[in-house]
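J.: Mind looking over this structure? Questions follow.
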Amino acid sequence: MSTKRVLCKFFMHGACLKGEYCEFSHDWNDQPNNVCTFYQKGSCSYGSRCRYDHVKVSRNPTVAPPPSSSTTTRASSSLQPLSFGRPHHVGYQADSSNPRQQISMDVLAHSGSKPVWRNDFQHESVLEDGIDWSISPTVQNQTTLSPADLPICSFAAGGNCPYGEECPQMHGDLCTTCGKMCLHPYRPDEREEHTKLCEKNHKRLESLKRSQEIECSVCLDRVLSKPTAAERKFGLLSECDHPFCISCIRNWRNNSPTSGMDVNSALRACPICRKLSYYVIPSVLWYFSKEEKLEIIDNYKAKLKSIDCKYFDFGTGTCPFGSSCFYKHAYRDGRLEEVILRHLDADDGSTVIAKNIRLSDFLSRLHL
């Protein structure tokens with residue numbers, strides 16, 4: 001069969017980029033070929049969600065000789081689409097072994113007032129001649145398909161379908177967050193997943209818009225208007241709510257302390273309110289509530305927890321941060337480091353957590 005008489009599978013889903021130059025047909029009256037080639041090989045990863053037909057196609061092992069002009073005429077007459085004997089009320093005979101094709105043809109032939117894709121996915125049980133086709137189990141099995149297995153129209157999901165109510169593809173429901181018709185009517189899990197993801201992206205976009213006006217408390221520039229991408233980040237302090245750009249707060253904390261200067265009170269404290277913060281969290285967003293700040297900090301720690309610590313070095317090195325390190329302490333066999341804290345009781349009754357104690361620390365304090 002010529003490719004010009006085979007309906008383009010990309011055109012069926014509204015995604016053909018070749019237009020009039022496509023070698024396949026863009027006429028809905030032509031026969032489609034929606035057999036999944038991956039299913040024939042037994043390796044379709046989409047399963048029931050695949051938009052193509054999962055049917056076994058029998059192959060003739062013998063190779064036919066090149067057809068002549070006379071045999072071509074006989075072959076074309078013998079390759080007419082099959083029908084299972086239903087009355088020709090549609091005006092097109094579809095392949096009975098292709099249930100999705102039967103659905104598409106009936107959807108195209110429907111001329112009711114409601115949208116075509118809103119019709120049921122079965123033929124009418126009683127036709128004009130009074131024959132009840134619903135009593136035939138063979139016909140019913142061949143024409144019944146779960147609506148959840150059908151894809152939605154990509155044109156409608158993108159915002160505008162040129163076919164409107166006459167579109168042969170199913171139209172999705174409206175997502176109130178993104179404003180697109182992209183919610184599948186018969187896939188509740190997929191709808192819920194899209195809604196959560198869409199709300200999360202919308203919330204992030206709103207936070208990004210509000211963060212555009214935040215200025216650094218040191219250089220007084222808008223943080224997200226810095227010239228380079230590396231500078232367009234906030235440096236969040238764990239115990240303070242003053243905004244800083246990441247470069248300014250890091251330069252402040254990396255200054256070498258003078259003799260006799262307390263590092264905690266001089267460098268690790270906020271330049272404005274002097275509150276002590278032991279670490280800085282880089283972020284492209286600024287928070288506007290305590291919950292948002294905790295979410296940013298938790299996401300940052302979770303990301304670092306998946307990165308191996310360069311000081312621990314899979315157990316061959318020593319991390320100076322100990323149990324306070326945000327990075328992963330794991331051995332080469334995948335085992336995580338078992339943290340055992342040593343508690344020391346002081347004379348005043350307080351308890352402190354001891355770090356690694358070495359003999360050289362005591363010997364260095366002796367004046368012999």
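Just so it is clear, glycine is given a Cβ too, placed from its N, Cα and C backbone atoms.
Quick paste from Swiss-Prot:
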ZN_FING   2-29  zinc finger
ZN_FING   30-57  zinc finger
REGION    58-81  region 'Disordered'
COMPBIAS  69-78  compositional bias 'Low complexity'
ZN_FING   147-174  zinc finger
REGION    175-202  region 'Makorin-type Cys-His'
ZN_FING   216-274  zinc finger
ZN_FING   303-332  zinc finger
J.: Within the region 'Makorin-type Cys-His' (175-202), how many residues are helix, strand or coil going by DSSP?
T.: 15 helix, 1 strand, 12 coil
J.: Given a Cβ distance threshold of under 8 angstroms, which distant residues of the chain, six or more beyond its ends, lie next to the region 'Makorin-type Cys-His' (175-202)?
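T.: Same-chain contacts beyond the flanks: 146-148, 150, 152-153, 156-159, 161.
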